[in-house]
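K.L.:
Sharing a structure with you now.
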Amino acid sequence: MFADISAQHWAFAIYVIGAIAICLTMIGLAALLGGRAQGRTKNKPFESGVDSVGTARLRFSAKFYLVAMFFVIFDVEALYLFAWSVSVRESGWVGFIEATIFIGLLLIGLVYLWRIGALEWSPRKPQLNNKNTD
């Protein structure tokens, strides 16, 4: 049964057994040698020597998520352009025209986002009408 197993399989099996043994040894030594503090503050969160104050839940503005989504969208599109730039000689003029149309669509999308105010970090200030209506 063990004669038909190749040397590579034996080496992998020894590696897996060794990795599991090292993990179990470290967990066992930590359990044996680790300190056992009992008291009120055992279950209290500890962060870099500073006692925690307040809640851990923070509210983030939706602008953070919008910026992250825009980054992902334009980053993926940059990857498409990188793939095109690698094969620019093989794609010829047809590929160049397609890439130009693609870049144009990206610019149209960017202008649209800019026009609707999605890229502005602070809210728009209301415009005051200074017309005298006497």
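From the backbone N, Cα and C atoms, a Cβ is placed for every residue, glycine too.
Okay, so Swiss-Prot annotates it like this:
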TRANSMEM  12-32  transmembrane segment
TRANSMEM  64-84  transmembrane segment
TRANSMEM  93-113  transmembrane segment
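Relative to the rest of the structure, where do these features sit?
P.N.:
Sequence-distant contacts of the transmembrane segment (64-84) (same chain, six or more residues past either end, CB-CB distance under 8 Å): 91, 95, 98-99, 102-103, 106, 110, 113, 118-119.
Beyond the ends of the transmembrane segment (93-113), by six or more residues, the same chain brings 70, 74, 77, 80-81, 84, 87, 119 to within a C-beta distance below 8 angstroms of the stretch.
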